[in-house]
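Let me begin by presenting the structure, written as C-alpha cells, before commenting on it.
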C-alpha cells in the first residue's frame with residue numbers, strides 16, 4: 001500500500017488531515033504560484049493543486065501525494081492575504097453584506113502509476129453587514145493577517161457570518177476531506193480501514 005504525503009507545510013492542512021487518523025508525512029512542494037493572466041480562480045487552484053502533488057513525485061516515487069490550493073474570490077477578484085491590519089479592515093469592509101467564495105483545488109497523485117485525480121470544491125461565506133467597530137475589534141482580536149479574506153472561520157471569524165454554504169466545512173480551512181476520502185478509496189486506501 002503506498003504511503004501518503006501531504007504536499008504542504010500548512011499547519012491547518014496538517015491538522016485537517018490528522019482528523020482521518022491515517023499515517024502521513026508532510027513535504028514542501030516547489031511550485032511557482034503566480035496566476036496566469038488567462039486563468040479563472042477554478043483553473044488556478046486546480047493547476048496549483050496538481051503541480052504541488054506532482055512536484056514531489058521524484059522524491060516520493062511510490063506514494064499517494066496530496067496537493068491542495070485555495071483562493072478567496074469577492075466580486076470576481078481573487079482576494080489574497082492582507083498582511084497588514086489596514087488591508088484586513090479593507091477586505092472585511094468589502095466582504096460586509098456580501099458573499100465570498102472560496103475555491104479549493106485538490107489533487108491526489110499516485111506516483112507509482114501516474115494516476116491523477118483532481119477536483120475543485122467551492123464554498124460560499126455569507127457575511128453579515130458589519131459596522132466599523134466590529135471590523136476593528138475583529139482584526140484586533142484575531143490578527144487575520146495571513147488568512148485569505150482576512151478571517152479565520154475556525155476561530156473568532158465565525159462571528160462575522162450569516163451562513164456558510166458548501167459540501168464540506170473542511171474545505172473552508174483548506175483541505176476538502178470528503179472529496180479526499182473518495183479519492184483515497186478509489187486508490188484502495190480506505191481511511192476507515194486503517
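Quick reminder: no glycine exception, Cβ is built from N, Cα and C everywhere.
Feature annotations, courtesy of Swiss-Prot:
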ACT_SITE  69  active site, proton acceptor
SITE      12  site 'Important for substrate specificity'
SITE      70  site 'Important for substrate specificity'
SITE      154  site 'Important for substrate specificity'
Tertiary neighbours of the residue listed as 'active site, proton acceptor' (same chain, Cβ under 8 Å, six or more apart) = 33, 44, 45, 48, 49, 52, 104, 105
Give me the Cα-Cα distance between residue 70 (site 'Important for substrate specificity') and residue 12 (site 'Important for substrate specificity'), rounded to a whole Å.
-> 12
Which of the three DSSP-derived classes (helix, strand, coil) applies to residue 154 (site 'Important for substrate specificity')?
-> coil
Near the Cβ of residue 12 (site 'Important for substrate specificity'), how many other Cβ atoms are there if near means within 10 Å?
-> 15
Alpha-carbon distance [residue 154 (site 'Important for substrate specificity'); residue 12 (site 'Important for substrate specificity')] in Å = 10
Other CB atoms within 10 A, centred on residue 70 (site 'Important for substrate specificity') = 26
What DSSP gives for residue 12 (site 'Important for substrate specificity'), in three states, is helix
